[in-house]
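Taken from TrEMBL, the feature domain 'SH3' applies to 117-178. Under the heading domain 'SH2', TrEMBL lists 184-281. Annotated domain 'Protein kinase' per TrEMBL: 306-559, in sequence order. What TrEMBL records for Lys334 is ATP binding site.
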Amino acid sequence: MGRAHSSEKGWTLGSQGAGMAAPNCSAYRATCISHVCHYYPTFVLLYIKSDNKVELRPKTYLTSVKLYPAYKKNEAGFTTCPSLETRYTGEPNNRAVTRRPADIVRTRNPGACISNGGRRVVKALCAYTARAESDISFRKGDRMEVLSDAEPDWWRVLHLSTRREGLVPANFVAEESSVECEDWFFPHVSRKEADKLLLAEINPRGTFLVRPAEHNPHGFSLSVKDWEEGRGYHVKHYKIKPLDNGGFYIATNQTFPSLPALVMSYTKNALGLCHVLARPCPKPEPQMWDLGPELRDKWEIPRTQIQLIKKLGQGNFGEVYYGKWCNNIEVAVKTLREGTMSKQAFLQEAAIMKKFRHKRLVALYAVCSQQEPVYIVQEYMCKGSLLEFLRNGEGKALHFEDLVYVAAQVASGMEYLESKLLIHRDLAARNVLIGENNVAKICDFGLARVIEDNEYCPKQGSRFPVKWTAPEAIIYGRFSIKSDVWSYGILLMELFTYGQIPYPGLHGKEVIEQVERGYRMPKPVGHYLPDDIYRLMLQCWDAIPEKRPTFEFLNHYFESFTVTSEIPYREVQD
């Protein structure tokens, strides 16, 4: 991040990236900026007030700017700092990235922008233990200078305490002067995810977090764990609204120049909130997409590095084991049963999983394909499949809102596949895995195919699960995103009946005949299922594929679904 100097005309920006040019933009140099005109994926369009013209500049070497007095004590005791940032947040459907200037947040470190001499310094969000010779270990709060961020997943840094140089996972660090460094800020958490994190038993009343607002591009939401007699523990949500001058407020009679100032004030006095802000919610460890930096491009690993510890069950094409990589990192290992599928087809499955990344998809780490049986090494989910979790595990005690949360997570993952023109073809509760805090992720892409058009026709003799498969796929072999939507409706029935077998009492051939005649599973008896959700399930089972909802819609539906008694946002009286 470049050094910023105040100027009567605007901001003068300097950077160690000076002199770098881009298509249709002049060489980057220290310049007086009036305002940002537009954001692009790689560049920003700036109005250069000193030159009275508009130019493209590389986004990575600039910081979004607004004119604020530098180094001035505000009423909360914080020192303002002109180091700003661009924050990225996804639209509700998660298909595209919305680019916008970040809200103005003053740093707690008054010298972070200037005293670093133009260096880009990041701070560790949590601890990390090195896994290879090329990466370095660090503890939470350690400061590091970024030497290169050319690779999106692994940055080369200089540890400012140990003076060691090496690679670190990029999502384990954040700009030192940014709000992302705050323990209470959760940049990629939805309302339902916030509820789940805060309601963990270890969190006392008053545990809180701040997250970007889902419907206000410049606002935030404050989520606080509370307790009331007759209701027990629950979460209350408050809107943090932006001011025109860059400040924030919850109640109009209490305004603050920054998010840290607002949070600090409410840690001392509730000021109308349900409770004082007692402590930040513990953050889950960031997702790792590779076993180590040396495997980020090369994913064939020696079989000797994998230790199979416990058999977890049978998969579609072999067995599934709990194991460890290099006696250290927990992994799940799928094996290919000889003769059931070609090695090439199995590796195609692995290639698909490795290519696509989403927090609701199980991460693929590596493969061992040089000898039989072939291993596919992937992320370990400690609570197993959703089906077994609902039937035999602690999932039997899940409340209705917990089931809605699982439905939203699966829809989110499928929306991502939908956006990538990837069809799953075997979406079912058995192919969803559950981890800590009831995190759900989709697995088993053995039948998935990347498609150029809207549908995929399987080869002669392909087998598929009849009770989960759309009629056009059973009869004509036409698999599409819409046939996955049908399967999702069946998965919802599994979910809200705690693992009940679909179409109880009917066999495969009977299911095909009945569904063709217009039969649909009735609303279950003995399980709570609101009429609205059942009607949605019927829409997923529409005989005409085009009339079925999109996963974008389904994701938004369950993310927005609230229990009748729940108040979306609390108001604080002035």
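Just so it is clear, glycine is given a Cβ too, placed from its N, Cα and C backbone atoms.
In the domain 'SH3' (117-178), the DSSP tally of helix, strand and coil residues is 3 helix, 27 strand, 32 coil. Per-residue confidence over the domain 'SH2' (184-281) averages 93 (mean pLDDT, predicted model). Secondary structure of the domain 'SH2' (184-281), assigned with DSSP and counted as helix (H, G, I), strand (E, B) and coil, comes to 18 helix, 33 strand, 47 coil.
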